[in-house]
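Here the structure is laid out as structure tokens; the discussion comes afterwards.
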Amino acid sequence: RERVFGMSQAGFNDTYIQLPKHKTVPGEVIRRIGRSQCTARHLKHSAMRLLPVFGWLRTYRIKEYLLADVVTGFTVAIIPVILYFFPGLGYTLLASVPPVFALYNAMFPMMIYIILGTVRQASVGKFATPAIVSQPYLPGADAIMSMMTGGVVRGLVSQEYVTQHAMVAIHNATSDGPYTVTQVTSALCFTIGIIQLVFSFLSLGQLNVFLSEQMVNGFATGVAVQVVISQLGSIFGNHVPHISGMFTIYKTLYAFFANIHEVAWQTTLVAFVAIAVIMTVKLLIDPPFVRKLGIPIPIELMVVVFFTLGSHYLNLRVNYGVDVVGTIPEKLPEPTLPSFNPTLIASILPESFALAIVSFAITLSLGRIFGQKHGYQVDANQEFLALGASHVFSSFFSCFPIAASVPRSAVQEGAGGKTQIVSVVNIIIIIFMVLFLGHYLEELPICVLAAIIVTSLKKIVMQVQDFKRYWKISKIDGQVWMVSFGATVIFDVITGLAIGVGFSLLTLIYKIQRPKTFLLGSVDNTEFFVPIKKYQMVHEVPKIKIFHFGGPIHFANTEYFKEQLNKRVGFTVRDILKARKRAQKGSLSNLVNPSPMIGDSKATSMNGSVGNDLCSLKSSSSCIAEMVALPTHVILDFSRVSFMDGSSIALMKLLKSEYDSIDVKLFITNASVCNTDL
């Protein structure tokens with residue numbers, strides 16, 4: 001076959017018979033609906049999509065999976081309690097809810113997620129997130145959720161109630177404030193669930209793409225700083241009030257130093273001994289232990305047992321004034337309707353939107369890692385549905401907002417769990433723990449919980465060093481990290497998240513609006529064309545300018561495109577026409593094709609020494625004689641131009657007309673988009 005070297009778009013379409021675009025008309029849509037059949041097969045397919053549990057149960061291999069799932073169920077229920085439940089007690093302190101809520105959250109949401117969730121290894125609920133487990137996934141996920149929840153609770157529940165009742169049984173507690181902790185957390189959980197169900201209905205499962213890695217990293221680090229500062233009062237025993245809202249850190253520090261004279265040395269001593277023991281084990285003993293056995297030493301469990309026994313036998317609460325956890329109910333919560341108070345719902349609505357998105361992002365990020373590893377697809381919209389239904393259901397059982405629990409999910413996956421049968425076994429064991437474990441923790445000092453929180457966040461706080469890495473990769477990425485971190489630290493968690501997401505979107509718009517541009521040149525004796533300023537052995541093709549634009553062209557950056565084109569090729573058509581007009585008026589008729597300098601420094605070194613701008617051209621026509629000749633061709637490299645709109649098409653036509661007026665040929669090459677309007 002004869003080889004074709006060049007062809008116009010219209011000629012190509014005619015030669016190879018372009019297929020017409022298919023246009024769907026309303027009548028055709030109606031006919032499709034009328035032809036659709038409600039058969040048993042369609043119902044089965046719809047049920048499996050809505051209830052993924054039927055999908056994996058249908059293919060469940062009892063002989064191969066059941067034993068592994070049951071054993072893993074015991075492991076997932078017991079190991080997180082040994083390793084992670086006691087740090088999780090500390091996170092209930094962050095959320096300003098009773099410690100038993102940690103077990104409620106590990107149980108009730110899973111009852112619904114088992115049926116609706118698409119992540120087979122995910123375990124939703126609330127436990128702490130040690131850095132050794134969470135690092136590959138989302139650092140500080142549980143701290144973020146707990147801190148955001150605590151901000152809502154402290155903002156709506158009376159100070160006296162939070163201080164006196166946050167660590168005791170919720171069923172017998174009363175408040176002189178407008179709302180109780182249970183009312184706020186249940187309403188928050190219910191509202192989040194409704195929002196996530198609406199997002200699922202609207203197919204907004206791709207919202208997580210706007211949470212960039214650098215934004216999440218900076219945000220999580222800022223939350224960790226917020227958490228550490230919030231625990232100063234518990235560590236030093238001077239009863240700093242629970243503060244929420246804007247400028248939380250500054251208000252907390254002010255209150256702490258204002259009450260510095262009330263520091264209780266007994267409480268401080270207990271807290272610092274706990275911190276010293278935990279840090280010593282984690283830094284010196286844990287690393288070789290983990291290398292040999294694969295799991296860390298349960299130092300949190302040891303510390304909790306030791307200080308609980310010490311508190312009981314020394315009677316720290318009565319003799320030394322050390323605050324302890326207090327009464328923990330040994331019964332399952334009775335289902336109660338969440339509060340539907342319109343004023344309360346309106347107060348928590350902004351935070352509910354933020355928590356709904358964060359909860360979804362944590363779960364989906366974890367799910368995609370497991371799905372890719374085990375070869376199954378995670379449905380983002382179905383995850384919104386599963387989380388929403390889990391939130392609505394758990395709002396009836398004294399739960400607070402949840403997401404996929406990173407440590408429990410990691411243990412479940414690492415221990416060989418194949419399906420959510422693991423979670424069924426898990427729930428049964430946790431019910432036993434709720435009924436028989438609680439009273440053993442009533443004498444636990446609260447300052448020990450604060451110490452566990454602070455030490456568990458060490459690696460997350462040290463993520464401030466990641467700023468340098470992001471800055472080296474991209475100045476914009478570094479700015480996103482710093483803005484997210486700074487906004488979270490300076491303002492509060494909710495505001496920090498909003499500013500971080502907003503700034504990430506602005507940087508995305510900036511990148512789309514102002515992509516990189518440069519001139520291309522050829523490498524000696526090769527067919528490679530690369531940026532002139534990057535390589536020493538690259539030279540411009542004589543009398544040809546090859547302009548590369550590194551992004552889409554649209555209405556928002558047409559002016560930028562033209563500005564960069566003029567800058568790179570070194571002249572503007574308008575100035576050339578003005579120069580010719582002045583030359584004619586000045587009787588410089590022998591100068592047929594004057595031109596200003598070439599903008600690139602490497603190009604000017606090839607063609608002679610000329611000026612760096614057009615000021616001499618505008619001030620005097622005598623400099624025209626010193627100018628090098630215009631290029632005969634300007635080539636636009638569109639290999640990175642992914643799309644063009646009507647404004648960019650109009651710009652291309654204008655440029656073609658302008659360059660024709662000064663006898664310069666304009667070509668487009670490597671076009672990745674095809675637009676017949678050109």
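Note that Cβ sites are derived from N, Cα and C of the backbone, with glycine treated the same way.
Where the annotation comes from TrEMBL, it is an automatic prediction and has not been curated.
Pulled from TrEMBL, these are the features on record:
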- 534-678: domain 'STAS' (DOMAIN)
- 65-86: transmembrane segment (TRANSMEM)
- 92-116: transmembrane segment (TRANSMEM)
- 184-204: transmembrane segment (TRANSMEM)
- 263-285: transmembrane segment (TRANSMEM)
- 297-314: transmembrane segment (TRANSMEM)
- 344-364: transmembrane segment (TRANSMEM)
- 384-407: transmembrane segment (TRANSMEM)
- 419-437: transmembrane segment (TRANSMEM)
- 444-461: transmembrane segment (TRANSMEM)
- 481-510: transmembrane segment (TRANSMEM)
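Between the transmembrane segment (184-204) and the transmembrane segment (481-510), fewer than three CB pairs separated by 6 or more residues in sequence fall under 8 Å, so the two stretches do not touch. The stretches the transmembrane segment (481-510) and the transmembrane segment (344-364) are in mutual contact, each linked to the other by at least three Cβ pairs under 8 Å (pairs 6 or more apart in sequence). Averaged across the domain 'STAS' (534-678), the predicted model reaches a pLDDT of 75.
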